Amino acid sequence: MQRLQLTDAEQAEINTLVDRFIAAGHDWDPLTAAEAATATAQRLPLRLREFLTGARTAESGITVVSGVPLDPRLADTPIGWEAAAKSAAGRREEIALLLCGAAMGDPFGWESQQEGRLVHDVSPSRGMETSLTSASSEKTLSLHTEDVFHPCRADYVALLCLRNPDGVATTVAGVDALRLSPERRDALTEPRFHFFPDDSHTGPITGHTSGDDREAEADRVLFGPEQAPYLRFDVDFMEAADPGAGDAMRAADELLSSSPDRVVLNPGDLVFIDNYKVVHGRAPFTPRYDGADRWLKRLNLLRDVRRLYARSNTRTRLVPA
Ligand SMILES: NC(=[NH2+])NCCC[C@H](N)C(=O)O
Ligand SMILES: O=C(O)CCC(=O)C(=O)O
Ligand SMILES: [Fe+2]
């Protein structure tokens, strides 16, 4: 894990950039906001930009920046993302995340997720306590690759912690946990798995038009360099194409879930999760629904947004439905 603590002076610089971004009135059209953020990110403190560039080139699995400034008058934690979207709660923090995120990658969103918002809210939602989405609480969120179904899924999932009163851990596990027999390892390296959109995606998704995606082409769990492979895994939203692949999938799940690392995010902590190198999840907790609940802002980042443009017929930062 790589960690950087921002100094008071650096925090003040970031606050100034956030003020200017708000004053410039960049609207929340995702293309405009993302491009403006990328331009403004050039003015972030040099030490932060060097740190993030270093994490990128080293392909650090987990990278934490601590001391991202939070509004001392931060609103109560909204009960679920819909309430957050309606009230624009945590707007300053949203912009701080967008700016720091834009120093690491190109921000983008999904039309099918949180109504196409670029920055998402992650807070417990009533009725969703045991769902398979980030709005859950009482149930463990299984280790997953973010948006495992999509070839243009994020290179980094960035999470900025606004509140975490009970110190609930984000769990992470890397490909190095997969100490498997050669047979099982081979199975994971072959196109013998189907991946599906998770329950946070609503409405139709490009290339995934019907409820039954099993016709979609099979793909691999492990891919890329043999000595340092990348990983694509979400036991809740994938299926093995044959019994041998199913056995390898269950063995991989056991190894990943047996002793994941725990990252407890504190307010002002911003974590960049390398979505090709590690899977992430969350320990269960009891929701409060009193305004003091755990609350994160989330941003998807690509190393090169042109991967999206190349797959789409419009130049958009939203993966179209
Ligand atoms: N295994 C899972 N539960 N996968 C889905 C993960 C949660 C999803 N990315 C969300 O934002 O809600
Ligand atoms: O709440 C967390 O710590 C992680 C939730 C998660 O998986 C996500 O928001 O993508
Ligand atoms: Fe996630």
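Each residue, glycine too, has its Cβ placed from N, Cα and C.
Annotated domain 'TauD/TfdA-like' per TrEMBL: 102-299, in sequence order.
Per TrEMBL, the feature Fe cation binding site maps to HIS144, GLU146, HIS280. Annotation for HIS280 (Fe cation binding site): spatial neighbours LEU143, HIS144, GLU146, VAL157, THR170, THR171, VAL172, ILE273, criterion Cβ-Cβ under 8 Å with sequence separation of six or more.
For THR170, ARG294, ARG298, the entry in TrEMBL reads 2-oxoglutarate binding site. The Cβ neighbour count for THR170 (2-oxoglutarate binding site), using a 10 Å radius and every protein chain shown, is 23.
Among the residues the record lists as binding 2-oxoglutarate, namely THR170, ARG294, ARG298, the two farthest apart have Cα atoms separated by 13 Å. Excluding the listed site residues THR170, ARG294, ARG298, the same chain places VAL122, SER134, LEU159, CYS161, ASN164, VAL168, LEU265, ARG282, TRP295, LEU296 with Cβ atoms within 8 Å of the centre of the 2-oxoglutarate site Cβ atoms. A 10 Å cutoff on Cβ-Cβ distances gives HIS144 (Fe cation binding site) a total of 21 other Cβ atoms nearby, all chains included. HIS144 (Fe cation binding site) carries a strand DSSP state (E or B).
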